[in-house]
Amino acid sequence: MQLAGQRGNLVGMGTIFTQLVEREGPRSLYLGLAPALTRSLVYGGLRLGLYEPCKHVCSYAFGSTNFAFKLASGVIAGALATALTNPMEVLKVRLQMSTSSTSTIGEVRKVLAQEGLKGLWKGVGPAMARAGCLTASQMATYDEAKQALIKWTPLEEGFHLHLISSCIAGTAGTLVTSPIDMIKTRLMLQRESKGARVYRNGFHCAFQVVVTEGVKSLYKGGFANFARLGPQTTITFIVCEKLRELAGMTAI
C-alpha cells in the first residue's frame, strides 16, 4: 500500500502502527470499517454458505468429494462471493489510503465521478482469484485436516478439533493468498486519472513487481496478513461450527 499509494518510505508493520496512532490517532486503525463490515457480512456468509452446496453438487455429479473437488467447491464459492462484494473492498482500500477525512458515501461519489461505475470493480479479477484460492485453501484444508486428525489422533468432534484444524487452515490460506492479495491491492489503488504505475492486469502487475522489486516482494505484508487472517480463520470456523450445531446441522 505504501508503494502503490506513494505515502512515504517503506517501513515495517510496527513502525506504521506507531506512526498511525501518533499522527492520526487510534481511530485511524479503523479507517474503512463500514465497507469492511458490510463486505464481511455478505462475502463471509456467501463463501461459507455456498461451499457445502457446491460440494454436494460435486458429490451428486461425480460421485466423489475428494480433495480436488473440495478445492473446486471452495474456488467457486469464493469467486462468486467476491464478484458481488468487490465495490466494498475497493472503498475500504481507498478510505484507508485517503489523506483527507471523507465518508464512505463521499468516496463512492468520488470514484464514480473520476472513474465511472467500473471503478468500483477495479481489481475484481485478482480479487476473485484471491477469494477463490483463499476459500479453497481454507475450506478444503480445514475439511481434510479434521478428517486426518479424527483418524490419526484421539481428538473427536468438538472445540479442540475445530481450533487445531482452523489454525492449519489459516496458515495455508495466508501462504496461498498473500501474493494475490498484494497484486489485488496494487490494482485497486491504481487510479486511471494518474499516470504513475499503470498495470494492465493482474499478470502484468505480478510481472512488473517481480522484475522491479524481486520475487520476495510478492509476500510484502505477509506477516500482517497472517496476523489478520490467522485469528479471523480460527474464529470464523469455531463460530460457524457452533452455529451449525445449534441449528441441528452436521459439522463441516
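For all residues, glycine too, the Cβ spot is worked out from N, Cα and C.
As recorded in TrEMBL:
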REPEAT    1-57  repeat 'Solcar'
REPEAT    65-148  repeat 'Solcar'
REPEAT    157-246  repeat 'Solcar'
Looking only at the repeat 'Solcar' (157-246), what is the model's average confidence as pLDDT? 84
Residue counts (helix, strand, coil, in that order) that DSSP gives for the repeat 'Solcar' (65-148): 73 helix, 0 strand, 11 coil
